[in-house]
Structure formats: structure tokens, C-alpha cells
Amino acid sequence: MILRSSLGRLGVARESPLCLQCLNRSRPSFPAVNKLASISRLQSTVAGQSPSSSVNKTYFSSHKGDSHLTPQPSLFTSLSPSNSPSQLNRGHSTPSTSPELSELPHRRRKRLKEAAAQNNGAEPVIPPDASAQLSNFSSTLPKTSLRRKLAAFFALTKPRLSFLVLLSTTSAYGIYPVSSILALDPTIAPLPTLSTSTLTFLYLTTGTFLSACSANTLNMIFEPKYDAQMSRTRNRPLVRGLVTRRAAVFFAIATAAVGLGLLYFGTNPTVTGLSAANIALYAFVYTPLKRMHVINTWIGAIVGGIPPMMGWVAAAGQGATTGHDTWRDMLFGENSLGGWLLGGILFAWQFPHFNALSHTIREEYKGAGYKMLCWTNPARNARVALRYSVLMFPLSIGLWWAGIVGHGFLVSSTVANGWLTKEAYGFWKHQGANGTARGLFWASIWQLPILLVGALVTKKGLWDGVWGGIFGQPIEDDDDDYVYYEEVSPGKTINQSPTSPSSPVV
């Protein structure tokens with residue numbers, strides 16, 4: 001009975017299309033599967049085929065009646081294509097990743113290096129100047145905002161150029177030797193007619209900055225049509241209409257009047273005359289000459305060389321006595337050599353700086369109609385930059401020879417000028433290609449501050465007291481630099497011979 005019952009139940013099982021064992025085998029997930037099976041499952045998934053669906057489909061389509069008693073190939077045939085060696089080899093030989101991801105690191109570096117070499121001739125993009133950046137900032141503010149108007153007017157001044165003028169002026173003022181001023185005795189000779197306090201320095205800095213603002217504003221007033229044709233200047237305030245032409249003219253006149261007035265009352269008339277000449281030279285000579293002849297670069301270099309003369313004359317005026325404070329005494333006196341040397345350094349510096357800058361945008365200068373060496377004669381443009389870079393050496397040595405700076409300046413100036421000359425030589429050799437124009441431009445940006453700060457640090461007599469305090473060396477006084485007088489009562493005269501040992505030294 002039990003056997004019959006079992007056989008009966010077996011027959012019933014045979015009539016069933018599925019058994020428990022086959023049902024477990026047909027499940028889509030496998031608890032234990034080898035690595036090859038997992039790879040094949042991944043490949044079939046990428047190809048858009050689901051392993052579970054293929055197993056169920058092939059199994060149920062091939063399972064009929066009591067065929068479960070014999071080995072069914074349907075379950076294994078569904079896995080066999082993905083487990084075949086040929087399919088696995090194809091999966092490893094043709095990965096689904098992109099060529100960039102499968103590229104070896106050294107080949108990628110080589111490819112990027114070759115691409116950079118092909119684009120080496122392309123000129124770097126020059127960023128907008130400070131005026132354009134301020135104009136962009138001003139345009140984002142509400143039209144009735146006070147900050148919008150202030151930013152637009154400040155953009156007229158070319159802030160970076162104005163600060164460069166201020167730096168060269170104050171550096172010359174600080175480099176001027178003050179031993180003659182400190183040695184003045186009010187009981188012997190009257191003090192200078194001009195102020196010797198720090199108020200003079202404040203008048204000088206404020207007046208110089210306002211004068212530079214006026215000159216730069218006038219330059220923009222005359223060139224909005226041409227500024228619109230260049231990428232560096234097309235966002236300036238007058239081009240974009242952030243400031244009216246009438247307001248710009250009023251601003252230029254006001255800054256010139258206030259600046260020159262401060263220089264006249266706070267320094268001396270010679271400084272005021274130099275500043276007025278610089279405004280006229282930059283706005284009314286250099287600006288229109290840019291569209292006429294390449295000599296405009298030399299005129300612009302003269303404009304750059306005047307501010308150091310202003311600082312030197314302002315300092316010299318503090319030690320000038322009444323009757324010896326004329327413009328001839330200031331500009332051509334015995335102590336004026338330092339001012340001319342500093343002015344010469346700024347004059348020479350303009351050429352490597354501007355020639356390198358103009359080379360990178362020479363096509364824009366040409367399109368706007370500006371007569372510049374960078375496109376009219378590129379070879380001469382490079383030669384001029386190298387020539388004036390070499391001129392920096394004798395001008396710097398001249399400051400030491402004149403007794404204005406110490407021996408340390410010879411070292412610092414040689415390093416700075418050597419770097420500039422090296423970049424200028426590469427600029428001349430490659431005619432501005434291979435990144436030499438950009439290298440010379442940045443060398444000029446750093447060379448000038450290094451030179452001026454080096455002159456300030458190594459100023460003659462600045463470290464004498466420190467040197468003597470550290471090494472215990474007394475400061476040697478030169479008796480010839482001082483004048484000794486006898487106290488003479490009123491009405492009494494001295495009738496001693498100049499050669500007499502007891503006569504005062506004059």
C-alpha cells in the first residue's frame with residue numbers, strides 16, 4: 001500500500017510540469033558562482049540581456065512532461081555561450097571603456113606634450129586691464145547706486161598705471177640722501193623755505209596720484225572709438241557708456257587742478273611744472289601720436305621717466321635755501337644726478353615692458369590703426385627691448401658711483417637686470433615666439449620693484465649706525481663735510497689768515 005501510494009504520488013509528480021529540484025535550479029540568483037560566470041553575467045547585462053530571463057525562457061520552453069528525469073541541457077545552454085572561451089576572450093580584448101580611460105599614463109603624457117608643442121605658437125590671452133574690470137563691476141550695480149558711479153570714475157584713472165607712477169615717484173623721494181637736510185643748523189643758515197615734515201610726502205603722493213588720474217582720463221576721452229576695437233579696452237567706461245563724455249572732461253579738469261595745487265603748495269613750483277608737463281605730454285602728444293608714428297613709444301617712455309624726477313626734486317627742495325631753489329638749481333644742480341639716473345632707469349624700463357606686451361596683441365593694435373613697432377617692424381621691436389634692457393646695467397651702476405646707494409645695490413641690481421636681459425635676449429632670438437614675449441613681460445613686472453626696493457634698502461648711510469653697533473666700529477666723520485664757526489660777538493670781526501692754523505675751516 002505504501003509502495004502503491006508512493007507510486008501513485010510519483011505518477012502525480014510525473015504529471016506535474018515542475019519539480020522542487022528543477023524549480024530551485026531555475027531561480028535567477030545563484031548563491032555560489034565562479035568568477036567566469038560573474039564576468040559573463042556582467043557582459044550579458046551590458047549587452048542588454050538579463051541572465052534570469054534567458055534561463056527561464058529556455059528552460060520552460062524545453063521542459064515538457066517527464067523530461068525532468070533526463071539531464072536537461074536548457075539550463076546549461078543558457079549559460080554556455082557566455083562561458084565559452086571565445087566569448088571570454090572577446091570580452092577581455094574589446095573592453096567597453098573609452099580609449100581615453102584605457103590609455104596608458106606615459107602615452108597620455110606624450111600625447112598632451114605633443115599637443116602643447118603644436119599649440120606653442122599661439123599667443124596667450126591677455127586679461128582685461130583694471131579699467132575694464134572696474135567697468136564690469138560697475139555695470140552689475142543699480143544705475144542709481146553711488147558705488148556704481150564711483151567705480152566708473154575710478155575706472156577712468158587706469159588704477160594700475162597710476163599706482164606705478166606713484167611708486168616711482170615715492171621711491172625717488174625716499175632714495176634722495178637726507179644728510180644735507182639733517183645737518184642744517186638754523187643758527188648758521190636759515191632753514192629751507194619749504195616744509196621738511198612728513199606733510200610734504202603726503203602732498204607729493206596725493207598730488208602725483210591725482211595728476212596721473214587726470215592724464216589717464218584725458219587719454220580715454222580721446223580714444224573711445226579705438227578702444228572699442230581692442231579686447232583689452234573694449235569694456236572701458238566711456239566705451240560702454242557708464243560715464244558721459246562731459247562728466248569725464250569735468251573729472252579730468254578737477255583732478256588736474258587739485259593735484260597740481262597740492263604739489264604747488266606742498267612741494268615746490270618745479271615739481272608742479274614737471275607734473276603739468278607730464279599731463280600735457282601724455283594726453284596731447286603721446287595719445288594722438290600713437291596713430292601717426294612709432295616714435296610714440298619713445299614719447300611714452302619720457303612720460304614714464306618724469307615721475308622719478310618729481311620725487312627727487314621734491315626731496316631736494318626741502319634742503320634748498322632761499323635764492324637757490326629755482327628750477328635750474330633743482331634740475332641741473334650738483335645734487336641732481338641721482339634724479340636723472342632714476343629717470344633714465346624708468347625710461348629704459350618702458351621698452352622691454354611695453355614691447356613684450358604689445359607683441360602679444362600686435363594684431364589688435366594693427367586692426368585699431370595704432371602705429372607700433374610690434375607689427376610695423378617686429379625685428380626692431382625685439383632689438384629695442386634688448387638694447388634698453390642692457391642699458392639698465394650702467395644706469396644702475398651710476399647710482400652707486402654717485403654715492404647714492406651702497407655696495408649691496410650692485411649685487412641686487414645685477415641679479416634683477418641680468419634676469420631682464422636674459423628674457424630680452426630670448427625675446428630677440430625667437431622674435432617673441434615660444435612664450436618669450438610673456439616671459440619678458442613678467443620679468444619686467446618683477447624687475448622694477450626689485451630694483452627700486454633694493455635702492456631703498458641699500459641707501460647710502462642708512463645702515464652705518466647699525467653696522468657700527470653690531471661690529472663695534474666707530475662711524476668715521478669727514479671733517480671736510482662740516483663747517484665750523486666761532487662765536488663772534490656783535491660788532492667783532494675775524495681778521496685771521498685763511499692759512500693760519502687757528503683760523504676756522506671754511
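Counting starts with 1 at the first residue shown.
Placement of Cβ uses the backbone N, Cα and C atoms for every residue, glycine included.
What Swiss-Prot says about this protein:
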- 1-42: transit peptide (TRANSIT)
- 45-61: compositional bias 'Polar residues' (COMPBIAS)
- 45-131: region 'Disordered' (REGION)
- 73-88: compositional bias 'Low complexity' (COMPBIAS)
- 89-100: compositional bias 'Polar residues' (COMPBIAS)
- 163-183: transmembrane segment (TRANSMEM)
- 199-221: transmembrane segment (TRANSMEM)
- 247-267: transmembrane segment (TRANSMEM)
- 269-289: transmembrane segment (TRANSMEM)
- 297-317: transmembrane segment (TRANSMEM)
- 337-357: transmembrane segment (TRANSMEM)
- 390-410: transmembrane segment (TRANSMEM)
- 439-459: transmembrane segment (TRANSMEM)
Do the transmembrane segment (439-459) and the transmembrane segment (247-267) share at least 3 Cβ pairs under 8 Å, sequence separation 6 or more? no
Positions whose Cβ lies under 8 angstroms from the transmembrane segment (390-410), at least six residues beyond its ends: 175, 177, 337-338, 341-342, 344-345, 348-349, 417, 420-421, 424, 451, 454-455, 457-460, 462-463
For the transmembrane segment (269-289), the candidate among 199-221, 297-317, 337-357 having the most Cβ pairs under 8 Å is 297-317
Positions whose Cβ lies under 8 angstroms from the transmembrane segment (297-317), at least six residues beyond its ends: 165-166, 168-176, 178, 192, 194, 200, 204, 208, 263, 267-268, 270-271, 274-275, 277-278, 281-282, 285-286, 289, 325, 330-331, 333, 335-336, 338-340, 342-351, 354-355, 372-373, 384
